[in-house]
């Protein structure tokens, strides 16, 4: 599948934003960071909303008719893409309530707004993941580890960002929890992706050229003449294979720099090393790792329509 | 509404039956499809760089050719691929806007170009590659089963068939109601053992493909006969002369 930059950036940025919103909303409701200055909480929610909004705007760039995007909110009964849009829109009001409550110092509303924002974040990331996991046409996306992977990556990048922010604000006591969560998120992302890639490399069941053409009764099927000599939309969109040759190296980058390094940096910060620069670097690396992973998620995915072509 | 319509068993299911035994891969169906639909219900079907390198365009019908099997049992099969108007059309249910829909009255799957946002998710959801994006107007395009021919009362009744069907020189394409077990197409499918494409995915395609007929054993067991060499196969004139002398 073609890794359209707009979608790769969208799922990375909005995933990190929802992860940040989730952890802040949940931890705040549990009493974490109650003594932090209003500017910290407000900055964290604003960063989350900025990432989410930038991602959503970027996803519009993928549309042929972005001015009609509002129509995408109508088919939530059947479409995961529509549900994602609805969940994203519905998460804004509680997030703005949460932002105001943190800024003006309304503790009760901060709990309500935080928990509702966290629920909206989970729902939106779930819908995003299900857009891919519900497609029977792409066996690598249909895999049961795809949805947990989206959650782990949002959790990792969100926790890394929250830890970096807490450290930047000099909240020494408050760094502990998100930094520990970043370690857990990094380990979870690492384990999930290793298991996922092992499963994918072992070969996933799915349709074959024989079942795609109904000619299996005769024997093995292989293409003789293509229907067209030039490119077409299908080949460009579903037949992407430019950088699969770099896949092994990119996987290593995602695992090492993207997931292992942020966890290690968070551990170092927990052990007493200067937290602010380490955690800021960790958050950047986590975002980079998710970006690479998301790119691979597309580049390594194979669509059934290619059974007709090769 | 992108939920699939509630259709009782036996409801009208318009579709195609494609005979892989008689298709000769001439591309007439693809060409006539392009010709009709370039100005039809889903017009235009744009072409990009039509007169230079990298020419490409939107087509509703693509004819592949395959080899199947090995040796004497092997076959060359020409294989037209277009929308199968599935009963469980995921291209319809994934659509976030309701632009992609399946008609309750005859099961034809269509796109409303006025409400399509061009997100491309329906093309991802289609296992058969039936949908191609019109990148000029940013909306998805697909086979309409020539809805503007089959119900068109301004053309003679005999021509109220999809463009691909009416143009096929070997009558490898048939159009009709596959929901009616007594229709000519349903009878043909029953007689010839019509097949679904990728049935394991559960999309329940309406279009059926008739498998190539079994060849008689005389054909499959016969060995190709090698022609005897002629004197002209011998390049050297001296040897050719000797061959002629010795052959007397």
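Note that Cβ sites are derived from N, Cα and C of the backbone, with glycine treated the same way.
As given in TrEMBL:
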type: TRANSMEM; residues: A:7-27; note: transmembrane segment
type: TRANSMEM; residues: A:39-64; note: transmembrane segment
type: TRANSMEM; residues: A:85-106; note: transmembrane segment
type: TRANSMEM; residues: A:112-133; note: transmembrane segment
type: TRANSMEM; residues: A:145-169; note: transmembrane segment
type: TRANSMEM; residues: A:175-196; note: transmembrane segment
type: TRANSMEM; residues: A:250-272; note: transmembrane segment
type: TRANSMEM; residues: A:278-296; note: transmembrane segment
Legend entry - Stretch among A:7-27, A:39-64, A:145-169, A:250-272, A:278-296 sharing the most Cβ pairs under 8 Å with the transmembrane segment (A:112-133): A:7-27
Legend entry - Residue numbers, six or more beyond the limits of the transmembrane segment (A:278-296), whose CB comes under 8 Å of its CB atoms: 3, 8-9, 11-12, 15-16, 149, 153, 156-157, 160-161, 163-164, 166-168, 175, 179, 182, 185-186, 189, 193, 247, 250-251, 253-255, 257-259, 261-263, 265-266, 268-269
Inset, instruction - With Cβ distances under 8 Å as the criterion, find the stretch in A:85-106, A:175-196, A:250-272 that has the most pairs with the transmembrane segment (A:145-169). - result: A:175-196
Inset, instruction - Determine which residues of the chain contact the transmembrane segment (A:250-272) at the Cβ level, with the cut-off under 8 Å and only residues 6 or more beyond its ends counted. - result: 156, 160, 163, 167, 175-176, 179-180, 182-183, 185-187, 189-190, 193-194, 197, 243, 278-279, 281-283, 285-286, 288-290, 292-293, 295-296
